[in-house]
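Here is the structure we will look at.
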């Protein structure tokens, strides 16, 4: 199973693709990883357009069975939520155009799936990603580590039969 994971952000969007191997213990290979960067000085339409184009290009290249995104929770940061929504919209349109279903997972679900408990630190989750992917070091920067964790989380829930598309 090939899964694209996305940590949505308008300035830094984590984008990772993994190939999950067989059954049994969760093991996977890293196929692609990057952080798509945009500048706050650019017009919004250019930032969103660049994110959309890059995500669509990766989806066409790797042909994942699913796109998994991190659900965002903003309590008092309305402007940040608004701008992250731009990035998420670009991802949703790219997934639609590529014909790939989209799934969303919250931070607690990611921690539970990869570390076995919902209160794991980011570093603990990154180390689990490193182990599952067989990497020498934990993925960096954090946006990439989060994107890969989200992709692996989808693989975990898909194996359990509990994954539901947006």
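Backbone N, Cα and C atoms are what each Cβ position is placed from, and that goes for glycine too.
Pulled from Swiss-Prot, these are the features on record:
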type	residues	note
BINDING	7, 143	Mg(2+) 1 binding site
ACT_SITE	7	active site
BINDING	10, 11, 40, 47, 73, 74, 76, 77, 80, 83, 108, 140	DNA binding site
BINDING	70	Mg(2+) 2 binding site
ACT_SITE	70	active site
ACT_SITE	143	active site
ACT_SITE	146	active site
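This view paints the features noted in Swiss-Prot onto the structure.
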residue: 7; record: Mg(2+) 1 binding site; Cβ within 10 Å: 24
residue: 10; record: DNA binding site; Cβ within 10 Å: 21
residue: 40; record: DNA binding site; Cβ within 10 Å: 9
residue: 70; record: Mg(2+) 2 binding site; Cβ within 10 Å: 24
residue: 80; record: DNA binding site; Cβ within 10 Å: 14
residue: 108; record: DNA binding site; Cβ within 10 Å: 14
residue: 143; record: Mg(2+) 1 binding site; Cβ within 10 Å: 24
residue: 146; record: active site; Cβ within 10 Å: 25
Secondary-structure category, per DSSP, in which residue 10 (DNA binding site) falls:
coil
Measuring CA to CA, name the entry from the recorded positions 7, 70, 143, 146 that ends up nearest residue 108 (DNA binding site).
70
In whole Å, how far is residue 80 (DNA binding site) from residue 143 (Mg(2+) 1 binding site) when you measure between their Cα atoms?
16
Restricting the comparison to the binding-site residues 10, 40, 70, 80, which residue's C-alpha is spatially nearest the C-alpha of residue 146 (active site)?
70
